[in-house]
Amino acid sequence: MKINGTPFRSIWCEAGEVRIIDQRWLPHELRIVPLRTRAEFAAAIRDMWVRGAPLIGATAAWGMAVQMAEDPSDASLAETWQVLHETRPTAINLRWALNEMRRLLAPLPPSERAAAAARRAAEICDEDVEINRRIGAHGLTLIREIAERKRGRVNILTHCNAGWLATVDWGTATSPIYHALEAGIDVHVFVDETRPRNQGALLTAWEMNSHGVSHDLIVDNAGGHLMQHGEVDLVIVGTDRTTAQGDVCNKIGTYLKALAAKANGVPFYVALPSPTIDWTVRDGVAEIPIEERSSAEVTHVQGKAPDGSVISVQISPDGTGARNPAFDVTPASLVTGLITERGICAAEAGAMEALFPEAARSAA
C-alpha cells in the first residue's frame, strides 16, 4: 500500500539487505530499519517491531534466509528454527513459515541453502500479498451487498490491526475495505483502540488516514453501544490462529466484540488466510497457547509528548499488578463466516475442508 503516495510493503529487500518498518514508532515517526542477524530478526518478532501473524511468518522466513547466508550448517538450521519459533507462541504463521523453510532446506546440501532460502522467503512474501488481495475481492461482495441494500454508507467495525502493516501488503480485515474504496463504495470504519498496545489507535487509524478511508477511533468498550443503536453494519476482524473447527484466536477483546455482534444481529466475519489455519487443533479454548505479555503494557501507555518525543507514562498506582493475555478465542458459533482467499465459508470443519481439502488431508 502507499505512504504519502509511495508504494510500500511492510518487509522488503533493498541494497542486499532485509528492511522493515519498525512499527513501535508509528504513527508519530516512520522508521525503516535493516535486519542483518538472527538475533535482530528474533528481537523484531518478539519485541513487536513487526506484528500480525502473516508478517511474523514472513519475517521469520527472511530470518532463516539471512542465517543460511551466514551459516548454512545443519546445526545452524535447527538452532535458527528453534530461536525464531520461541519468539511468539500464539501466531501459527510463524511455525508454518519456519516449517516451510525447514522442509525445503533440510534435504539440500549446505552450499545450496542460502540461495534456496532467499528465493522461498521472497515467494512467501509474494504469496501473502496475493492471498490478501483475494481475501479483499471476496470480502468486497459482502460490503457491496450491504451498500446496495442500504443505498448508503456501510459502517464497518474492526479490532486491533489486521491491515497491511500486519501482513506483507493489503492486510486481511482491511483488504475488503480497500477494495470497497477502490470500487467507489462509501465506507466508514470504526477503529477499536485495542488496549493495551493500542494497535488500532496507532496503526489501523494511521492506515485509514493514509488511504483516505473515513474512520472514527473508538474506545474498546464502545463497540457494543454502537451496535445496539444500529450504527454498525458489519464487523471484520483478523486472526492469529484459527482451528480446524472454526474457533478464532485473535487479539484480546475480539471475543467481546463477537458476543456483542451476536446479541445485536450484526454479521461478524473473520478474514482468514489459509496459512493461519491450524488443522491440528480442534478446540481453540482448550488447545491454543495464549501469550501472556508484560504487565507494563497495561500499567503504562505510550504516546507523543508536547515536545514531540514519544514517552511512556504510568497510569496505575505503584504496586498494582496486571494480567496481560495478548489473545482470546472466539468460538466458531459466534462467527458468521470466514473470508478466505478461496471464498467465504461457514466457520465449521466441513466447510473449511471443502475449500482447502489438500491442507486438511495433509494434517490428518
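Glycine too: its Cβ is placed from the backbone N, Cα and C atoms.
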For the substrate site that Swiss-Prot lists with ARG51, GLY52, ALA53, GLN199, ASN250, LYS251, give the additional residue from the candidates ARG9, ARG19, ARG88, ARG282. ARG88
Residues close to substrate site centre defined by ARG51, GLY52, ALA53, ARG88, GLN199, ASN250, LYS251, Cβ within 8 Å: ILE56, ALA91, CYS160, ASN161, ALA162, ALA166, GLY238, ASP240, ALA326, PHE327
With the substrate site defined by the record as ARG51, GLY52, ALA53, ARG88, GLN199, ASN250, LYS251, how many Å span the farthest pair of C-alpha atoms? 17
Check the Cα-Cα distances from CYS160 (site 'Transition state stabilizer') to the recorded positions GLY52, GLN199, ASP240 and tell me which is shortest. GLN199
Enumerate same-chain residues with a sequence separation of six or more from ASN250 (substrate binding site) and a Cβ-Cβ distance below 8 A; give 'none' if the list is empty. HIS159, CYS160, VAL237, GLY238, THR239, ASP240, VAL270, PHE327, ASP328, THR330
